[in-house]
């Protein structure tokens, strides 16, 4: 069981809501994934007009919403988006995203740390999307973040765990849940992240852009479960020298 800010989750697969061809398909994929925490961009929610209505199907699914500040270019904009989310959705949970560069969508470490400290002081449950920087993740823990979400590779690229060496360091020293976010492009990537000891993964593009999002959601669900079970069972130590599994000469001496 995964616990974030005192809330328990049976599923360690978190999902997003972007890039699906319809709200119905999104809902079916989320249901198939068994995800219990779903991110939603504040840019897409319009409670007045109901345009691109995400809230109704998500509430029908019974999932916990994790509004994000995607589109924010600095701490001030991110804090505004978080306050708006709290007012509109009635939740303290926020995925903090600040990426001023529209080409690569790299998170701004300085602005993220600044915003995280202020939001934590205001009572938010902050889950920041950041570079796989062990020092930064420790600082974010220190200011009160409920979890850290280091990127595996750039958003939407499906490159997998490019930052693996640094993710290992973050997992090793973390005192809060580590959720691998961005760049997870295949179920095998998700399984590997879980084998490393990550507490959860967040997947959006790989599911939503699949030719069969529902089937892909099922694949990710199973991959995350298997990866976690493998981690808990204990993986064998990686070595450079061959180690025989049976006596090499014993039967020749009989």
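Don't overthink the numbers, they just go from 1 along the chain as shown.
The backbone N, Cα and C atoms fix where each Cβ goes, and this holds for glycine too.
Quick look at what Swiss-Prot lists:
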- 95: active site, schiff-base intermediate with DXP (ACT_SITE)
- 156, 182, 183, 204, 205: 1-deoxy-D-xylulose 5-phosphate binding site (BINDING)
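Mapped onto this structure are the features recorded in Swiss-Prot.
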residue	record	DSSP class
95	active site, schiff-base intermediate with DXP	strand
156	1-deoxy-D-xylulose 5-phosphate binding site	coil
182	1-deoxy-D-xylulose 5-phosphate binding site	coil
204	1-deoxy-D-xylulose 5-phosphate binding site	coil
Row residue 156 (1-deoxy-D-xylulose 5-phosphate binding site), column other C-beta within 10 angstroms, all chains, value 17
One should report the C-alpha separation between residue 204 (1-deoxy-D-xylulose 5-phosphate binding site) and the residue listed as 'active site, schiff-base intermediate with DXP', rounded to whole angstrom, as 14
Quick note, residue 183 (1-deoxy-D-xylulose 5-phosphate binding site) and the residue listed as 'active site, schiff-base intermediate with DXP': C-alpha atoms separated, nearest Å, by 17
Cα of residue 156 (1-deoxy-D-xylulose 5-phosphate binding site) to Cα of residue 95 (active site, schiff-base intermediate with DXP), in Å and rounded, measures 17
Rounding to whole Å, the Cα atoms of residue 95 (active site, schiff-base intermediate with DXP) and residue 182 (1-deoxy-D-xylulose 5-phosphate binding site) are apart by 13
